[in-house]
Amino acid sequence: MAGIAVVPRSFHSGGDDDDHDNLQQRPPTRHSAAPKACRVCGDEIGVKEDGAPFVACHVCGFPVCRPCYEYERSDGNQCCPQCNTRYKRHRGSPRVPGDHEDDDFHGADDFDDEFPIKHHNQDESNHQDVAAHSENRDYVQPQLHTGGPAFSSTGSVAGKDLEAEREAYSNAEWTERVEKWKMRQEKRGLVSKDDGGGNDQGEEDEYLMAEARQPLWRKVPMPSSRVNPYRIVIILRLIILCFFFRFRILTPAYDAMPLWGISVVCEIWFALSWILDQFPKWFPINRETYLDRLSLRFEREGEPNKLAPVDFFVSTVDPLKEPPIITANTVLSILAVDYPVDKVSCYVSDDGASMLLFDTLSETAEFARRWVPFCKKHNVEPRAPEFYFSQKIDYLKDKVHPNFVKERRAMKREYEEFKVTINALVAKAQKKPEEGWVMQDGTPWPGNNTRDHPGMIQVYLGSEGALDVEGKELPRLVYVSREKRPGYSHHKKAGAMNALIRVSAVLTNAPFMLNLDCDHYLNNCKAAREAMCFLMDPQFGKKLCYVQFPQRFDGIDRHDRYANRNVVFFDINMKGLDGIQGPVYVGTGCVFNRQALYGYDPPVSEKRPKMTCDCWPSWKGSIPAFELEEIEEGLEGYEELEKSSLMSQKNFEKRFGQSPVFIASTLMEEGGLPEGTTSSSLIKEAIHVISCGYEEKTEWGKEVGWIYGSVTEDILTGFKMHCRGWKSVYCCPERAAFRGSAPINLSDRLHQVLRWALGSIEIFMSHHCPLWYGWGGKLKFLQRLAYINTVVYPFTSIPLLAYCTIPAVCLLTGKFIIPTISNLASIWFLALFLSIIATSVLELRWSGVSIEDLWRNEQFWVIGGVSAHLFAVFQGLLKVLGGVDTNFTVTSKAADDTEFGDLYIFKWTTLLIPPTTLIILNLVGVVAGVSDAINNGYGSWGPLFGKLFFAFWVIVHLYPFLKGLMGRQNRTPTIVVLWSILLASIFSLVWVRIDPFLPKQTGPILKQCGVEC
């Protein structure tokens, strides 16, 4: 186990001031390097029998190798991916339906090559990365078959891959599966029935090779029978809205003009908000991955494992608020992931420099030596021990190892002992000694002052650390606490994540990074493999900036009173965005392409060559972007062709900072470390890149890494990537990839929503606002609408608060926002309500979301809108415009020690006042309106129904809030009741006193004298 590296560093700037103008220069776009490679699978194209290069399409010359050409003709749409011209048959290619007698090559000399599957003379073992996706992604997806493409492929995929594939099937099922594949080959004329016997092992190997060459994923569009009616109803609803607003504007309520004007403005804003939310859901899709094909392609027997390395990031700040046992479970689930151990590294960012977390990770590393082999031996899920041992299922299901029960009991006992050890550390950390914390060797803990301490790195486990109890290597575990000094802006979580990017680049430099919050554990040990199906796609993967997984949560009550699961967002909105340019980044459960976080542009597709003769001379010379002499320094290891496209060393330093090792790592697209480096030198360099002055005068937080400027750095970071033209993917495996914890009591939930809304306001007030940023970029229009919706939705709280107040005002004054309507006008009202219902029903139909989840989402939209979002608007305006940073404190009360006991915890917060006031106002209004109708007789009941409908609409939406206030004992804190009654009473008395809707008398006041004259 490596010792702790605590090396204070002096501050470093990122370059000279005289080169400041070069900061704005964007780094070059990444291109594929192999000019003679197949643009589908990445293999060499090869040559024909006469030695000439193989050309699949004679129209545009799009580079495609022979196996991909054969696959496209047999299983695809038989067209060129670039020009969509139908492929002509080449000599030696099997005939497919649609081939004509006058095609290029046919005759007696070609008859022997009709069945190429029986000839194994050509070595095609290098063709292994076929993917049926063109780079342009603009042609019809070929239908996928599990039987494999129609081409010959020699070589054996025996050993563990063959056995792993066969273990999933019984002998009869496996034989049947191979026979079906052979039958499909016979139907295509690729094999003769008489030649089918005598080589069963070769047929199985050939079948597996065919499977490995299939695409690693496929797009599954929603059935048109479900999506098309949904789109039609959206258009109809838009038309109905136009006629509805025409009626509302042309028929004002003259006896209540202020109420009418306010209501119309609110309704127009609601319609605009609906458009921003609805139309990005126009193209919902699903995606499927094929993990068996990933293994067959990149994990072959007798060859080095070709799966890409992955760096896992776990971020935490305060271990007293974020329990260390939860962080330990997250780390243990990562260390036990189903992925090659030499390709996994786990980095834990401790932004609070806590010795408690440092000691917790030390204990976690020791416990992992027993936990990881247990998980992999018995294939348990999930691999976070706290949640594995607490799940209420039959843990013996599918377990056949005779020692499983005995080993499980022993492991559970060891975990309980581990838990007690962590609890003892937490109890010890409650009271800090006056002299500060002291480490085991007697030296003071460097992080005793959390705001003034050096950078710290501790490497656990890994190739140079402890092995597990079975003598096998474990993934690397690294503790990181960046340097902090007074007078520097550390940028909270975004700054910590950028420090992890640099540390991981120096120590391991995996091409992909997966970030998790400390309370989100791996629920699916194959989550990294799911992401690799997209990111390691030969063509599509190069354009992906990240793969986002949905968030799923534990510990939430069945009714999900406050919509903590966010099912509507994750199962409807995100799937809609996946059909455009990709889902937004939500801060956790995301696998990043490192090159995308470095601020590079995605690879550019080669333009289709011109079809006309270009005989005119070119008078425009090619001007290099940089002087070659500037590029030479520090880049001796690169080819001349690559040097001409790289930035100068000075520009690299101005962009990434003054670290030669880190700069060199940014040029290694496939990951890996520079040659000639040692562990000690890398640790020193890692300490340097987390110094608090490293980011000065660089592009970190502006164009590189997580973007600064908002507490919701996730939305801003994903937005910048999409503006550069990157795409993202939404991956929803059958078993949830990650699970986490969510605040289930009312006050904590409101403060969580307040933080999100405040971040949106900060983005809205910045130059990164989607309303005006990046219009000349590559962000698609519907994707821009989605991002606009993410930054303007808090402003809906103002019209929502006014609209929820109007019903009470109407009931108290006897006025109404709508005059007496005609039969035609009533039709528009009815049509509007029916279209709203139809849209929701059809949305539920294609998404699979339950009606209860949709209703909870609607309720909390109102609750959060009149509380957290409202405060976020004013807090954000004060912070951005006035520089005033206001915080709302939360005070806890005890909860019951029962299941979901946290649900009944009450924490006083200012956010509770507006919704409580609205409830009381509307309840008082209902009582007053009914009393007035009773006093005035039968004629008053008709107009009353419309007012009561809107009042009950408000009360029903706020009902979960009211239930949360009452708690289990139906007791509400006195301060809430006093504030709410006071505000409601003052509002009612002032309104009665002013009464703006009564005509004002201008003449003398005449009173009856009371005497009968």
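Positions of Cβ are set from backbone N, Cα and C atoms, glycine also.
In TrEMBL, annotation is done automatically, which means it is predicted and not curated.
Taken verbatim from TrEMBL:
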{"type": "REGION", "residues": "1-34", "note": "region 'Disordered'"}
{"type": "DOMAIN", "residues": "33-104", "note": "domain 'Cellulose synthase RING-type zinc finger'"}
{"type": "REGION", "residues": "89-132", "note": "region 'Disordered'"}
{"type": "COMPBIAS", "residues": "97-132", "note": "compositional bias 'Basic and acidic residues'"}
{"type": "BINDING", "residues": "S315, K321, E322, D351, K492", "note": "UDP-alpha-D-glucose binding site"}
{"type": "ACT_SITE", "residues": "D351", "note": "active site"}
{"type": "BINDING", "residues": "K493, D517", "note": "Mn(2+) binding site"}
{"type": "ACT_SITE", "residues": "D714", "note": "active site"}
{"type": "TRANSMEM", "residues": "791-812", "note": "transmembrane segment"}
{"type": "TRANSMEM", "residues": "824-842", "note": "transmembrane segment"}
{"type": "TRANSMEM", "residues": "862-882", "note": "transmembrane segment"}
{"type": "TRANSMEM", "residues": "903-924", "note": "transmembrane segment"}
{"type": "TRANSMEM", "residues": "944-962", "note": "transmembrane segment"}
{"type": "TRANSMEM", "residues": "974-994", "note": "transmembrane segment"}
Quick test of the contact rule: Cβ under 8 Å, at least six residues beyond the ends. What residues does that give for the transmembrane segment (791-812)?
256, 259, 262-263, 265-267, 269-270, 273, 276, 715, 757-758, 760-761, 763-764, 769-771, 862, 865-866, 869-870, 872-873, 876, 914, 918, 921-922, 924-926, 928-929, 947-948, 950-951, 953-954, 988, 991-992
Taking only the recorded positions K493, D517, D714, which one has a CA atom nearest to the CA atom of K321 (UDP-alpha-D-glucose binding site)?
D517
Residues near the UDP-alpha-D-glucose site, S315, K321, E322, D351, K492 excluded, by Cβ within 8 Å of the Cβ center?
T316, V317, D318, G352, K493, A496, C518
Beyond a gap of at least 6 residues from its ends, the CB atoms lying under 8 Å from the transmembrane segment (824-842) belong to 226, 229-230, 233-234, 236-237, 240-241, 243-244, 247, 251, 278, 854
Return only the integer: C-alpha distance in Å from S315 (UDP-alpha-D-glucose binding site) to D517 (Mn(2+) binding site).
6
In sequence order, what residues of the same chain, 6+ apart, have a Cβ less than 8 Å from the Cβ of D714 (active site)?
V584, Y585, V586, G587
Once the chains shown are all counted, how many other Cβ atoms turn up within 10 Å of the Cβ of K493 (Mn(2+) binding site)?
20
Under a criterion of Cβ-Cβ distance under 8 Å and sequence separation of at least 6, what residues of the same chain contact D517 (Mn(2+) binding site)?
V314, S315, G587, T588, G740
How does the domain 'Cellulose synthase RING-type zinc finger' (33-104) divide up by DSSP, counting helix, then strand, then coil residues?
10 helix, 6 strand, 56 coil
Among the binding-site residues listed here, K321, K492, whose Cβ has the fewest other Cβ atoms inside 10 Å?
K321
Under 8 Å between C-beta atoms and at least six apart in sequence, can you list the same-chain neighbours of D351 (UDP-alpha-D-glucose binding site), or say none if there are none?
S315, T316, V317, S481, R482, H490, K492, K493, A496
Calculate the per-residue pLDDT averaged over the domain 'Cellulose synthase RING-type zinc finger' (33-104) and state the result as an integer.
74
If you measure every Cα to Cα distance among S315, K321, E322, D351, K492, the residues said to bind UDP-alpha-D-glucose, what is the biggest one in Å?
16
Using a Cβ cut-off under 8 Å and a sequence separation of 6 or more, which residues in the same chain sit near E322 (UDP-alpha-D-glucose binding site)?
T316, C518, D519
